[in-house]
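Below is one structure, written out as structure tokens; the observations come after it.
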Amino acid sequence: MLGSGADRLRADVNRLLAFLFHQGILDEQFLQLQQLQDESSPNFVSQVVNIYFQESEKLLRNLRSLLMERKLSDYKNIGIHINQLMGSSSSIGAKRVRNVCVAFRAASDQNNRTGCLRVLEVLEHDYCFLKNKLHELFQIEQQRILAGGVGYPMQN
Amino acid sequence: MARNGGVAWMRTTEKIDGYDLSTSDTEEVHVLAVDDSLVDRKVIERLLRISSCKVTAVDSGRRALQYLGLDEEIQKKETNGFDGLKVDLIITDYCMPGMTGYELLKKVKESSAFREIPVVIMSSENVIARIDRCLEEGAEDFIVKPVKLSDVKRIIDYTTTELREGEQREGARAKRRGINKRKQREGDDDLSSSPPSTLSSSTSSSPSSSIQSATAPSSPSTLDSPTRRLKMTSSE
């Protein structure tokens, strides 16, 4: 039935969100973004998050190539990249990625290349996890709307 | 552009001539938002639009100055001659490549045409020294990122209040002028020599003046800001 399909999917969305909050992947800033979504801006969250994905992947690629340089000395540039990633992660509520950036910055401040590479691996992994989960979230949301659920706001 | 020569308001004078004492609450606040991060620009834009503001978002301090008509390298006809809308408020990120938000703040406050515009600084770093430095340089407020709707609403609220009070003062002055033109000659001079804005660093201005020093703010609505800063500090 149309109604219960949408309801079931809404429950799925809520369950996934609760999981992401509980695991510390997301924080309340993500909820803040959801509150900014309405009929005048019905895709706001996915728009901003997609921009975040594009920017983050660029930053992560640059970080990896900077750290792989044979003669690595430009830790200042690395720091700038980390700060950008940290800032945008914080702005969308990507708590875990943001926290890994903090550790990354600490290693970078100490010019610790090995430490940086280690943290970068964690960062890449956590970023991938976040991206997959958010894609999942948007997918279920889309299905929910197609099943007749109200598009906005995302939470009740 | 002021007719009486004393008040450096950026607003057009049509309302004053018509003795229009109505406040500008139907007129939207126009905010110039400055942030090098595209994600943050999108978010602040949305926060401001939802708070019924007109928004112009730029990605650098340099572009902000260009928009205002303050860029030395791009000569504008006169400072009032920019073709954008009049800016009521500037919200800028602190950490930006090229010109920092702090440097932008200084340039705005150094300009005679734009120093009245309140400037709010945003930063992800909650460093007291940084906050104090910005406030000392004349920043209206300092928001710790990530920016929330409550932050924006608070700032728009007291910006609107300041603007409205300014207009009421203007309107009252104009009304007095209109009622008794001849007698007003001396009165005019007195009025025009008084500080026109409550947004400057003068502490003798209106009750709802903004946070300029670290001393206790005078209105409930500005309490959130230092409280939030203190809260953040203690949790570190």
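Including glycine, each Cβ sits where the backbone N, Cα and C put it.
Note: TrEMBL annotation is automatic and uncurated.
For B:30-160, the entry in TrEMBL reads domain 'Response regulatory'. What TrEMBL records for B:Asp93 is 4-aspartylphosphate. The region 'Disordered' annotation in TrEMBL covers B:163-236. If you look up TrEMBL, you'll see B:192-225 marked as compositional bias 'Low complexity'.
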Proximal but sequence-remote residues of the same chain as the residue listed as '4-aspartylphosphate' (Cβ under 8 Å, at least 6 apart): B:Val34, B:Asp35, B:Asp36, B:Ser37, B:Asp40, B:Gly101, B:Ile121, B:Met122, B:Ser123, B:Lys145
DSSP-derived structure type at the residue listed as '4-aspartylphosphate', helix or strand or else coil: strand
